[in-house]
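Please read the structure below before turning to the comments.
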Amino acid sequence: MQQKCYYEILNISKTASGVEIKRAYRKLAMKYHPDRNPGDKEAEIKFKEISEAYEILSDDSKRSRYDQFGHAGVNQQSGFGGTGGFEDIFDTFFGGGTSRGSNRSRASRGSDLEYTLEITLEEAFFGVEKEITIPRMESCDSCDGTGSKSRSKTTCHACHGQGTIRRQQGFFAFEQTCPVCNGTGYSITDPCDACYGNGKVKKQKTLKVKIPEGVDNGDRIRLQGEGDSGSNGAMNGDLYVQIIIKEHKIFERRDINLYCEMPISFTKACLGGDIKVPTLDGEVVLKVVPETQTGKVFRLREKGMKSLRGHRRGDLLCKVVVETPVNLSAEQKELLEKFADSLGEDYQSKHAPKSKTWFDNVKDYAKKFFE
């Protein structure tokens, strides 16, 4: 089956910047995250595709190989094998040293794994240690990873222990994985009952992950050696923990700054005064100046997120929303009417500068049609 284009999966162009790639991933990951779509297999598949595309395109080296060679340049499961990039592709078509092919087949690094971890904005603000449980392939204890009950192996008769066989097509010679032993270089006559001759079994592993303060959506934390077990003494793969931050009821995050809307009363907007504003690390008192209008933004410095790339902390920007009183009593309505009368006929010019400007603009606009 033909694999989908990573750029199409993220709905971005091939010239997209790193910021655009991250933004596209964040948007789609939030939409298709399994926790938000329980039991939805299509969403789960879509989320895996999105994560795979982001893993490749967010890495400059992998993206470069993908742009040059397509999926074959980055897919460990392709016919090019491993992580050798262009050299492995070249060797596959034009042949390589026999010893190099043997070494690659005999010792195989474990696969990298990926785990998606959803945390709160508060946890991203303060940092947190999380415990996760992952399924991974580990060396079989019953056969010590040999795949054999007797822990003995027989040299493969087809490749003579090399793990690869050499074929000739016209003028070209190329190597391919031995189909008899699947590249191991040996055969097993008494397969282990626990791992069925694979030398590995799937186990559940519980790990603790330290999340640094300031982590953002789409960030990945690498746990070296916590992926699948390697074969024949090779290194284990790595575990990459991708961070998804839940939406917050009050705050919206943009880079290291936080944003919120702050409702204030009609009287507070007119007269000014102190109000308590919630932040992620406690309440602060904000002084509202008299005659504050809806839309005014107050900046609380260093009340945002910490930068992972330095000691700088972002700001919290609070946008004022003046609330109109509701459920007024007859007495309150009467008082407001008296208040309105007290403003006089020149209300707009003296007491509502924005309204005056708006009406003046409307009049100027209308004149164009009646002059």
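Cβ coordinates are placed from backbone N, Cα and C, and glycine is handled just like the others.
Straight from Swiss-Prot, the features:
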- C140, C143, C192, C195: Zn(2+) 1 binding site (BINDING)
- C156, C159, C178, C181: Zn(2+) 2 binding site (BINDING)
- 5-70: domain 'J' (DOMAIN)
- 140-147: repeat 'CXXCXGXG motif' (REPEAT)
- 156-163: repeat 'CXXCXGXG motif' (REPEAT)
- 178-185: repeat 'CXXCXGXG motif' (REPEAT)
- 192-199: repeat 'CXXCXGXG motif' (REPEAT)
- 127-204: zinc finger (ZN_FING)
Can you say which of 140-147, 156-163, 192-199 has the most Cβ pairs under 8 Å with the repeat 'CXXCXGXG motif' (178-185)?
156-163
Starting from the Cβ centroid of C156, C159, C178, C181, the recorded Zn(2+) 2 site, name every other residue in that chain with its Cβ within 8 Å, sequence order please.
H157, A158, H160, G161, Q162, G163, T164, I165, P179, V180, N182, G183, T184, G185, Y186, S187
Could you state the whole-number distance in Å separating the C-alpha atoms of C156 (Zn(2+) 2 binding site) and C195 (Zn(2+) 1 binding site)?
20
Taking DSSP as the reference, which of helix, strand or coil describes C195 (Zn(2+) 1 binding site)?
coil
Name the residues of the same chain, 6+ apart in sequence, whose Cβ is under 8 Å from the Cβ of C195 (Zn(2+) 1 binding site)?
C140, S142, C143, G147, V201
Chain-internal residues, separated by at least six, CB under 8 A from C181 (Zn(2+) 2 binding site):
C156, A158, C159, G163, S187
Cβ neighbours of C159 (Zn(2+) 2 binding site) where a neighbour is any other Cβ within 10 Å:
23
